[in-house]
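Listed in TrEMBL:
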- E134, D165, Q191, E239: divalent metal cation binding site (BINDING)
- H427, H494, E570: Mg(2+) binding site (BINDING)
- 287-396: domain 'VOC' (DOMAIN)
- 424-562: domain 'VOC' (DOMAIN)
Amino acid sequence: MRTSIASVCLSGGLVEKLHACAEAGFDGIEIMDADLIAAYESPEEIRALCHRLGLTIDLFQPFRDFEAVDEATFADNMRRARAKFEVMQRLGADMMLLCSNVATATTPDFDIAATQIGALADLAAEYGIDIAYEALAWGRYVSDYRDAWDIVQRADRANLGVCLDSFHILSRGHDPAGIAEIDPDKLFFLQLADAPRMDLDVLSWSRHHRLFPGEGDFDLIDFLSHVILAGYRGPLSLEVFNDTFRQTDVTRTAAHALRSLHWLYDRTAAQNDWTDLQLDAPQPPCAIDFVEVSGEDLSAVERTLSQLGFTFGGRHRTKAVRLWEAGDARVILNEQVRTPGSRLVGLGFEVGDAAAAARRAHAIGAPQVFRRTYAGDYELPAVASPDGTEVYWNSRTAAESWLDEFEGRVPLGEDTAETALHGVIDHLNVAYPWQEFDEAVLFNTSVLALDAEPASDVPGPRGLVRSQVMRTADGAVRLAMNLAPPTAPELPRHVAIRVDDAVSAARRARARGLAFLPMPSNYYDDLDARFGLEPDFLAELRELNLLYDRDEQGSFIHFYTPTIGDIFWEVVERRGTYDGYGAASAPVRLAAQRGGPLL
Ligand SMILES: O=C(O)c1ccc(O)c(O)c1
Ligand SMILES: [Mg+2]
């Protein structure tokens, strides 16, 4: 599989973009005319640079508003075309993308369009150039790839074919099954982009909101299957118009872009049982094994954990690292760093095959993390997520476990076993700055093998907070992602522990002196209005600062600790088959965290 990327996906000048693409490992590039026009380097210099970097120029694009026009416009369009063919010849580019006319077309007659495009192809042939005709979703008379193919057939030139772009096809809901009808020799080029489902005019949607594969809602695995089964053998090229990616670090975006293609190709090959599969199978995690918090002095975190009912799980035999446990919820406190505060820096997953998970992650391009280990320590393979959080995998068994590295654990006595907190890590909640969010979604899909739930917007005191949960199908692992508002890029992270009885857990925590995040009294009046709760139950919720939600599947009781450093803790109880996160209470919680009387 050859990989390519349109220069429009990246930020900066053309030379910078070419360097970033080569460094990331792309095979080729689509050069956007606008990027060339704005460059001080001549076409010959760009050609030489691409050659030196080992990049092929797979496409020169776009050429616009050409076909189905009146005679005078046609003559001028041919003059324009000749000028661009001359530039392409100097560049050494041998395929031009022709977009369907969105502005100047005056006739819906496909024969006229075909005659004019045929003349363009004949002119291109003089320069040894191929024309790939693409139906833009908002084209005036041609907005469906099947119509573009119709016109290409009518024109019938050897150097004329179609360019398929997943955005234009899937945004309009056109069935990709029709790709099988196209002569494979006429499948000249393929552009791939994902996008979130949106209720927006298709032009704005395309120009601002395209995403890399795996980050949006399109079924690109199905789409790519159709294209490859139809016989396409050209490069897989990314064409993602997105305001964020055009403002972020070009090297990082290029690397991230290539990961999205590797992921897409791997999943498509796996779905079709193609035997040239090179990557290990994804390893969806079975559970969150631990979270790791670091800081030079974590005594305040330790106090909160102990008030919550966590018990001391031992001291690492060689490092300044301690373990706290609440049943199967494990927190590692790492004081080996010299940074103040406390940060959630790592998490561990239990998986079927940790080595396979790590091999796959590295093949997709996730950066490996090396941790200093000592003789007898377990080697947990790990990668760094885009925000720097370290993710560890382990196929822990009763016989062999990193837990054995901890000494001095306090066994639970008869009395403490009764009152200690006992649970599992239900979910983590992490906020991302706007420029890192989509990259994090792709990481969670491609490297961690999690699936995205539909995104939603939660009203917070500083505006809507985009919220997206990524999880395993069985819900055993859930990562809740928030898009931090630009004014608060460092929103605290939180860890939610699931227990069987959150009310008792809250009572015991309060008896141990835990300060809860206080909820406004109005919140409880509203709960009563919404749910008509038993007076005693409502009083208990109010007394303990508990939050509550209910839907057809069940109910949800939970509470929060105040924030320490940039982390806080949540205790949750899911009743029935409740599967949410108490979204209706989130605005109140966010407001309480910002202005609550104890903070
Ligand atoms: O938005 C556009 O104009 C545009 C241009 C070229 C493309 O390949 C495309 O998909 C869209
Ligand atoms: Mg396109």
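Every residue number used here counts from 1 along the chain in the order it is shown.
Heads up, the Cβ atoms here are built off N, Cα and C, so glycines get one too.
Long-range Cβ neighbours of E134 (divalent metal cation binding site) (same chain, at least 6 residues apart, Cβ-Cβ under 8 Å): P62, L97, L98, C99, S100, A148, V162, C163, L164, D165, H168, F189, Q191. Among the listed binding-site residues, namely D165, E239, E570, the Cβ with the most fellow Cβ atoms inside 10 Å is that of E239. Selection of the binding-site residues D165, H427, H494, E570 by a Cβ distance under 6 Å from ligand 1 yields, in sequence order, D165. Other Cβ atoms within 10 Å of the Cβ of Q191 (divalent metal cation binding site), summed over all protein chains shown, number 25. When the Cα atoms are compared, E239 (divalent metal cation binding site) and H427 (Mg(2+) binding site) turn out to be 34 Å apart. Surrounding the centroid of the Cβ atoms of E134, D165, Q191, E239, where the record places divalent metal cation, the chain contributes additional residues within 8 Å, namely A6, L97, C163, L164, S166, F167, H168, F189, L190, L192, A193, S237. Highlighted here are the binding-site residues (D165, Q191, E239, H427, H494, E570) whose C-beta falls below 6 Å from ligand 2: D165, Q191, E239, in sequence order. Apart from the site residues H427, H494, E570, the chain places the Cβ of D426, L428, N429, A480, V495, A496, I497, W569, V572 no farther than 8 Å from the centroid of the site's Cβ atoms, the recorded Mg(2+) location. As a summary of secondary structure, the domain 'VOC' (424-562) carries 44 helix, 48 strand, 47 coil according to DSSP. Proximity of H494 (Mg(2+) binding site) to non-local residues of its own chain (separation of 6 or more, Cβ distance below 8 Å) is seen for L428, N429, Y560, I567, F568, W569, E570, given in sequence order.
Secondary structure of the domain 'VOC' (287-396) per DSSP, as helix, strand and coil residue counts: 21 helix, 44 strand, 45 coil. Within the model, the domain 'VOC' (287-396) carries an average pLDDT of 91. For the recorded site, Q191 (divalent metal cation binding site), the DSSP three-state label reads strand. Long-range neighbours of H427 (Mg(2+) binding site) (same chain, six or more residues apart, CB within less than 8 Å of its CB): V469, R478, L479, A480, A496, Y581.
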